[in-house]
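**Student:** Found this in TrEMBL, in case it helps:
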TRANSMEM  C:6-25  transmembrane segment
DOMAIN    C:7-79  domain 'Glycine transporter'
TRANSMEM  C:32-52  transmembrane segment
TRANSMEM  C:64-84  transmembrane segment
TRANSMEM  C:91-110  transmembrane segment
DOMAIN    C:92-165  domain 'Glycine transporter'
TRANSMEM  C:116-137  transmembrane segment
TRANSMEM  C:149-168  transmembrane segment
């Protein structure tokens, strides 16, 4: 029987993979290219985190992420043209993934004994770095650097995790509160189109 | 005296480096930039594999890859304009490199005790990831996501390796059969322009 | 009390972060995006080096680099439009950073027992790879592959380090001479617009 967290993990991985595969299909990638872009979107953040923490990436010990990405690819091949109607569903799934991945990243770093500012960065990398690699592969400027609040929701969730930890809360409760704050921040940011200010600078710096 | 495998390794590295240097020259990179792009094309895949497997990358213990890339750069500087006539030769060399790198990647992972689905991915990364970094550096969408079968030949070779292993074949024979299957797949794919299907999706997904 | 090297490290980090933030602002990144680009410009090279050397990246044990990048972001937000007048100052700061990062990278590799050709590459990665990631993130072809001598100054500084080491010089003296040679090379290269030759090749290679 999968646990509740494993089910959330599967949903999040599926949503992240779908986001990569859809953007790959807009660039006319072939099936293999779409699979790879979906996979790096789903596991890229966690892989960078694990390389930095010097532990074995999760997908190298459990094939579920590869299988999940394969199912996402089949889904898009079969139902691609109806996906646009599921936009809101996937947005919710993607936000679930973002919340869960952040909590997993923060928790893993804390468990390894790293200070909280490292854990917050690792949570953000877990949640958002896969999307950055995705955008580099499809040759676009990473969305999260320009659009509404995304990675900042991870940072906020990490800070909340820290706060709960300082208050000596139970670990499971801490993870639920932290994950919920990521999820709610992301939902509110999109609903009310909350953006960070654009950085205005010179037109063409020379460095 | 270099062994047969070392000679193949040198030929493959040389061909991979040449492919990076030629694409860099089309973008008007300087000599240094061309050298770096050639080098990451040749050693990038193996480096990512070794970082994931948590072992020291091969080029950090043996300077042959740096020297080989340097020779490739000198070759392009001296004979660049005649290279187009050697197109078929370099295609054969590149396919030799792809086959050998795949077998080395699969074999190294299996030797470290990883399951076969990890080994197949590591073989594909060894063979194809250098070309992905190359294309990111020259600011193009990676070729292998869109063109005829390339990384899929690595995946196929990894599966063949697995099959031979299940049949309890001798290691050297396994490697020869696996490498040949990569080589032949790649040659046939280009000769008959065998492509994977393009993924058709919505025009502009919004995630 | 910070040491002289720590002050130089802070100046170099600040200058590298500023270069990333300014380029991000020209692409209309938001504050978060600009911070991330500034950060990877400052710490990206050292992080790649430490992953390859299999040691913990420096920014995971000392938050100074994150704080320094934050100060750089505030600086650009407040004084962005005047920065163009400080062009020469930042060029000097950037060259200090390049020199220091190179020496740190070479020194760390030598201390870990790697041969000098590895140390020279690690010095160059420390000095120049952050700028490559920066340019990939803003979706431009990396500047250092096309413009006047930059990473070659790191290579030269690494070779000088090696020469001093062969002459059995004192470590501190070796570092000063090596760092100065990077700094002077970079200053002269820009002042006299010294470039490496462009690699001329076929117009459109097919591999």
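Glycine residues also receive a Cβ, built from the backbone N, Cα and C atoms like all the rest.
Automatic, uncurated: that is what TrEMBL annotation is.
Fair warning: this is a prediction, and the values are worked out from it, not measured in the lab.
Mind running through what each feature is packed against?
**Tutor:** Only residues 6 or more beyond the boundaries of the transmembrane segment (C:6-25), in the same chain, are considered here, and those with a CB under 8 A from a CB of the stretch are 33-35, 37-43, 64-65, 68-69, 71-73, 75-76, 80, 83, 90, 93-94, 96-101, 104, 130-131, 134-135, 137-138.
Below 8 angstroms of C-beta separation, residues 13, 16-21, 23-25, 58-59, 65-66, 68-70, 72-73, 76, 101, 104-105, 108-109, 122, 125-134, 137-138 of the same chain, each at least six residues beyond the ends of the transmembrane segment (C:32-52), sit close to that stretch.
Outside the transmembrane segment (C:116-137) by six or more residues, the chain places 16, 19-20, 23-24, 36-37, 40-46, 48-49, 52-53, 97-99, 101-106, 108-110, 143-144, 150-151, 153-155, 157-159, 161-162, 165, 182 with a CB less than 8 A from a CB of the stretch.
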**Student:** For the transmembrane segment (C:149-168), find every same-chain residue at least 6 residues outside the stretch whose CB is under 8 Å from a CB in it, and list them.
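**Tutor:** Tertiary neighbours of the transmembrane segment (C:149-168) are 98-99, 102-103, 105-107, 110, 116, 119-121, 123-124, 126-128, 131, 143, 174-175, 177-179, 181-182, 185-186, 189, 194-196.
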**Student:** If you run through the domain 'Glycine transporter' (C:92-165) with DSSP, how many residues end up as helix, strand and coil?
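**Tutor:** Summed over the domain 'Glycine transporter' (C:92-165), the classes give 60 helix, 0 strand, 14 coil.
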**Student:** How do the residues of the domain 'Glycine transporter' (C:7-79) split into helix, strand and coil according to DSSP?
**Tutor:** 62 helix, 1 strand, 10 coil
**Student:** Over the domain 'Glycine transporter' (C:92-165), what is the model's mean pLDDT?
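**Tutor:** Averaged over the domain 'Glycine transporter' (C:92-165), per-residue pLDDT gives 92.
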